[in-house]
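Encoded as structure tokens, the structure appears first; notes follow it.
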DNA sequence: ATGACCTCCCGTGGAGGA
């Protein structure tokens, strides 16, 4: 099973590229972030014509997340994280695809630091931690995947010293990520590529992609049973080089099939 | 230290992004 995440930076403005990449990559499930479209404007028909069912949690202008599944409609289990009912930003959607609980998320950016946006980011992270702990207790296959807006370590930043006071790299945010992973999750890309420089985002500014001045912001956190099934974890870096592309590249993992449930006969 | 670039909005520049 191939699961991908892609911050499209505008699902309608980027629809042609999304369809091109879907056709090329053929993932079984996809989590999209930054739809930048209200529910009514989600391009469900074009995505269905490409062979994908979808559930989505949109919002006018900003944010917005969706889950796509090839040849089926994802079974929606949640929109929004618990813990702050007055939070109206569309940043979490959850669905089951082929027996895997997929929590698709778009963590707040948090800039500028310090300030209310940074505080909101930390609160959102705390809510994610609390909910993630509940998911782990269920002991079912879960992946928490999306744009975390965090570079977890210095290896994940082209020039770490430039980012120390940025909300994406502040020590509080890195600690929050580390604490989350410490619950028992596996960072899929790091698990298979320890010590390797891997980026998933390149700024539009300053020719960042050509200089490979990137950040690793998009992460897959796997529950223990999914971690045991992890086979590949890669970035479709070339997509960032396409014309009119998003500033993020698609990232994907490949899981082996479920272990068979054969039992020994007594 | 700043702004570079890109998206969306009912806009004709501003806000948000990272």
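Positions of Cβ are set from backbone N, Cα and C atoms, glycine also.
Looking at the domain 'Endonuclease/exonuclease/phosphatase' (A:4-248) alone, the prediction's average pLDDT is 96. Positions annotated as domain 'Endonuclease/exonuclease/phosphatase' by TrEMBL: A:4-248.
In three-state terms derived from DSSP, residue A:247 (Mg(2+) binding site) belongs to neither a helical nor a strand segment and is classed as coil. Summarising the annotation, TrEMBL assigns Mg(2+) binding site to A:7, A:34, A:147, A:149, A:247, A:248.
For the recorded site, residue A:106 (active site), the DSSP three-state label reads strand. In this view, residue A:106 (active site) is surrounded by 28 other Cβ atoms within 10 Å of its Cβ, with every protein chain counted. The annotation active site is assigned in TrEMBL to A:106.
DSSP classifies residue A:147 (Mg(2+) binding site) as strand under the three-state reduction. Marked as active site, proton donor/acceptor by TrEMBL: A:147.
Per TrEMBL, site 'Transition state stabilizer' is recorded for A:149.
TrEMBL lists A:218 with the feature site 'Important for catalytic activity'. Sequence-distant neighbours of residue A:218 (site 'Important for catalytic activity') (same chain, six or more apart, CB under 8 Å from its CB) are A:5, A:7, A:145, A:146, A:147, A:148, A:200, A:201, A:248, A:251, listed in sequence order.
According to TrEMBL, the active site, proton acceptor annotation covers A:248. For residue A:248 (Mg(2+) binding site), the count of additional Cβ atoms within 10 Å of its Cβ stands at 25 [all protein chains shown].
Annotation comment: TrEMBL describes A:248 as site 'Interaction with DNA substrate'.
Here residue A:149 (Mg(2+) binding site) comes close to A:106, A:107, A:108, A:109, A:110, A:121, A:167, A:168, A:217: these same-chain residues lie at least six apart in sequence, with C-beta atoms under 8 angstroms from its C-beta.
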